[in-house]
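Notes follow the structure.
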Amino acid sequence: MTSKGPEEEHPSVTLFRQYLRIRTVQPKPDYGAAVAFFEETARQLGLGCQKVEVAPGYVVTVLTWPGTNPTLSSILLNSHTDVVPVFKEHWSHDPFEAFKDSEGYIYTRGAQDMKCVSIQYLEAVKRLKVEGHRFPRTIHMTFVPDEEVGGHQGMELFVQRHEFHALRAGFALDEGLANPTDAFTVFYSERSPWWVRVTSTGRPGHASRFMEDTAAEKLHKVVNSILAFREKEWQRLQSNPHLKEGSVTSVNLTKLEGGVAYNVVPATMSACFDFRVAPDVDMKAFEEQLQSWCQEAGEGVTFEFAQKFTEPRMTPTDDTDPWWAAFSGACKEMTLTLEPEIFPAATDSRYIRAVGIPALGFSPMNRTPVLLHDHNERLHEAVFLRGVDIYTRLVAALASVPALPGES
């Protein structure tokens, strides 16, 4: 794949690079510049624009293309505006320059996650409007903050507000992942993030003595139990070629804390774990298992949640479902090979599904290495432009789904 010269650059690519240069990088994202960008884009495209401040300084921007039948539920195209931090010394180019090399690769934080999809939504809608299309269902595009740090000041709050319910969303699309093969991955559910702190208390004393009932000994037992569970899930994944990473529960020990000096046995120690719980797991039973591991370690061992999501939903992926039939049917017409999976991490889709709206995660990037959150995150302009073509077909198909039972 080769690149066009600057004078020949496709306008969609130019807009993409313009958006990439907006520094919406955590922990201090410039959300104001992003909101202004979408306001101006809405003005140029003749779309409705609504700003919803879900928390001080956290604005959800909603762009709307009304359908011809307002009694039907709408299509929601969601994307987040923030991106993760960078380590500039590990990048070949300035991570916010949107540098394009001679081969057509665009290097910028957010190129894959997920500013490409935001612009693909906009360019798909623009193309359909220019071609004179109208659809029965209203199309809403939501651009939300805070996803990269959990969405607690973004989509989690937005779905609880009357402005969200007024959108009357019947189906949603959100982010997915690149796929290095010829296929396109589509995500119909995701694992639930549980961030757990285990705290162990025991006898303190001088470190020269063989103390009994120490915090470290008991914490060691819990850590061993959890890591043994981790190994069991890893082996289950490795032994079954039909399983993907999102189908099992993962856990990693991410922090160890405790102690004040080399020669003092601490009274308290703690360990932090990041669990990603598969959607078919019995959440109540799994929490009871955590409790059991702590009890087996001895007295004074407890756990608490820093984050806990317990409402995993699965979007149907069979042809009897009208939304899936429209989505997969459009992909089939484009001869795209789909690989339905459970998303291994977490996205804002979980909040959308939790309020009863089916959602699919889809970033149309095949033959592309997965580079989100990585150094030198990049996307080829040809892959990006094909994604615009794909989303144009998908938006048209979804916005044309006939009235469903209960819709008049």
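Including glycine, each Cβ sits where the backbone N, Cα and C put it.
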- Query: ASP113, GLU148 bind Zn(2+) 2 according to Swiss-Prot; which of HIS373, HIS375, HIS380 goes with them?
  - Reply: HIS373
- What does Swiss-Prot list, out of GLU9, GLU163, GLU175, as binding the same Zn(2+) 1 as HIS80, ASP113? GLU175
- Excluding its own, the Cβ atoms lying within 10 Å of the Cβ of HIS373 (Zn(2+) 2 binding site) add up to 15
- Message: Residues other than HIS80, ASP113, GLU175 within 8 Å, Cβ to Cβ centroid, of the Zn(2+) 1 site?
- Response: SER79, MET114, LYS115, VAL117, GLU147, GLU148, ASP174, THR347, SER363, LEU372
- Message: Counting only residues 6+ away in sequence within the same chain, which have a CB under 8 Å from the CB of ASP113 (Zn(2+) 1 binding site)?
- Response: VAL83, VAL84, GLU175, LEU372, HIS373, GLU377
- Between ASP82 (active site) and GLU148 (Zn(2+) 2 binding site), find the distance joining the two CA atoms and give it rounded to the nearest Å. 6
- Task: According to DSSP, folded down to helix, strand and coil, what is GLU175 (Zn(2+) 1 binding site)?
- Result: coil
- Which chain neighbours of the Zn(2+) 2 site, leaving out ASP113, GLU148, HIS373, have a Cβ atom within 8 Å of the mean position of the site's Cβ atoms? VAL83, VAL84, GLY110, MET114, LEU372
- Message: Between the Cα atoms of GLU147 (active site, proton acceptor) and HIS80 (Zn(2+) 1 binding site), what distance do you get, rounded to the nearest Å?
- Response: 6
